[in-house]
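Undergrad: The structure follows.
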């Protein structure tokens, strides 16, 4: 009888300890999965992202409209710049828009990718593809301009509008196919999961068998395609273009008296156009370089330093997406 009393006394105790253990476990999960960060810088970054969407949409649409005018659309360089503006327009509605949604609209600070598996795959595909397309089209702008300036045969043999259209389609096809796996195998839905507040059942940028599927594995491919290759080509092309401009200016300064007004006007317009293209590509390199440095060298360092990680990533994303917003202002500045 005494033994039975001891057993009966221990049963509520064991039940209480099990409950506390379960509560402790639940609390840890809650802290790790449901932590929201409220910081004025995050709200400022999110608001700036929304401004970029508005200004970038208007600016890129105006850029497309201007560059499609009959006087410009026959120019191969302007066709590449039009394609870049279309890609820039798409970039604004991926990770940039997600900043505004996450910190301003969604009370739990969930991502757009968390809404469903379809949004996860669509946004990731749109983000990676549009960013890579934008940088490659800008690279083609620099390359085409450099070849036109240095080689007379280029404009005659490769400067035809239909050839640039073929090149635009080929580049788009390659990059879209390269990123197409994101539409089919990126992300999964957790089994036996019940959505609750910040707790979502959609796991994006991972595979069921590979947690590092997108970050950092595919991210490395993206950095090579989006930054390393275009940066290298654009930098080399811009150096050659600037060198030719300086040499041309020196020659013209000694022949000013024998150049008529029509030739002067044409040369001035060509220089303005070239300077505008140099400015566009230079700003792209300047504004996307900090994000590239972070993802290559500093990502692991800030992985566990939250909310500093989110603040830094938000600022770098805004700087990066600014480069996909300002092309219209460069066009307007140079007439």
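Glycine too: its Cβ is placed from the backbone N, Cα and C atoms.
Copying in the features that TrEMBL gives for the protein in this structure:
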type     : residues : note
DOMAIN   : 59-297   : domain 'G-protein coupled receptors family 1 profile'
TRANSMEM : 41-68    : transmembrane segment
TRANSMEM : 80-101   : transmembrane segment
TRANSMEM : 121-143  : transmembrane segment
TRANSMEM : 163-189  : transmembrane segment
TRANSMEM : 223-242  : transmembrane segment
TRANSMEM : 276-298  : transmembrane segment
TRANSMEM : 310-334  : transmembrane segment
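For each listed feature, how buried is it and what is near it?
TA: Across the residues of the domain 'G-protein coupled receptors family 1 profile' (59-297), the predicted structure has a mean pLDDT of 90.
Long-range neighbours of the transmembrane segment (223-242) within the same chain, counting only residues 6 or more positions beyond its ends whose Cβ lies under 8 Å from a Cβ of the stretch, are 128, 131-132, 135-136, 138-139, 142-143, 145-146, 149-150, 175, 178, 274, 277-278, 281-282, 284-285, 288-289, 292, 295-296.
Within the chain, the transmembrane segment (310-334) has long-range Cβ neighbours (under 8 A, six or more residues past its boundaries) at 37, 39, 41-42, 45-46, 48-49, 52, 55-56, 58-60, 62-63, 66-67, 81, 84-85, 88, 91-92, 95-96, 99, 103, 134, 272-273, 275-276, 279-280, 283-284, 286-288, 290-291, 294, 302.
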Undergrad: Thinking of Cβ pairs under 8 Å, which stretch from 121-143, 163-189, 276-298 has the most of them with the transmembrane segment (80-101)?
TA: 121-143
